[in-house]
Structures are given as structure tokens and as C-alpha cells.
Amino acid sequence: MVDLSKNDGGSGKAGKGVSDAIDTVLYYVVDLKKQQPMVQLGVGAGFGTVTGYFVTKGGRLVAATVGISFLLAQFAIHKGYITLNESKIERDMKNLHKSVMNKVSGKKVINISDSFVSEYRWILGGFAAGMLIGFSVA
């Protein structure tokens, strides 16, 4: 355990303890795939739990914001502040669809998901489990 309150012998350079703590954290994070599987699982679970908790709490705020924005847009359309040219929207959507399909069909799709998942399987497994724990805690 790193003591964050230690000082550098009174020389006025506080923060050596914080520097040591940051170095310790970076040691585990930078080369995480080289660590033991249980360390990878633990780090993934920790980050997943925090992420799941904040996604659940923040998701309510985002949902409320999107809902209120949608209602305000519908009210503005109803009152005539906003007018939609549906034929122009349809034409632009067709052009966008053609453009995307031309770009996608001409290129080979690179599949990196298999190697990524197999390389980081312990971290991803811990993260997924941590997300579920974070969802249940929130």
C-alpha cells in the first residue's frame, strides 16, 4: 500500500507519495495484458463496476434530456416554428444511403474483433461482470 501523505524529508516537495501511487497504477494499467489473469479480471471488474454505476445514474439524466428535447421539438413543429420539407429529407437520405453503400461495398472489412477479444478476454470478462454489478448497485 502506498502512503499518499508522506513528504520528501521536509524539502517542500510534497507529492512524492502521489507520484509513487500514480507510478504503481500506471505499472498495472500500461502492461495490463502481461499481468496475471486474476489481476486483469480484477482491474476489469473495478472499471466495469464504476462504469456501470455511472451509466445507470447518468442514463436517467440523458433519457430525461432526450425526452424533454423531443417534446419541445414536437411543440415547436406544432406551433409552426419549425417546418420540415419531407421530400428534401427523403432525397438527402437516399443520397446518403447510396454514398455509404458505395464506400462500404468497395472495401474489405477488417475483422479485428477476434484477436482483440482473445487478447483481452480476462479484462473484458471482468469489465462485463463489473458492469452488471454496477447496474445492480445503482
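Cβ from N, Cα, C; glycine included.
Record features, source Swiss-Prot:
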{"type": "TRANSMEM", "residues": "37-56", "note": "transmembrane segment"}
{"type": "TRANSMEM", "residues": "61-78", "note": "transmembrane segment"}
{"type": "CARBOHYD", "residues": "ASN85", "note": "N-linked glycosylation site"}
{"type": "CARBOHYD", "residues": "ASN111", "note": "N-linked glycosylation site"}
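Beyond the ends of the transmembrane segment (61-78), by six or more residues, the same chain brings 84 to within a C-beta distance below 8 angstroms of the stretch. Around the Cβ of ASN85 (N-linked glycosylation site), the same chain contributes no residue under 8 angstroms that is 6 or more positions distant in sequence.
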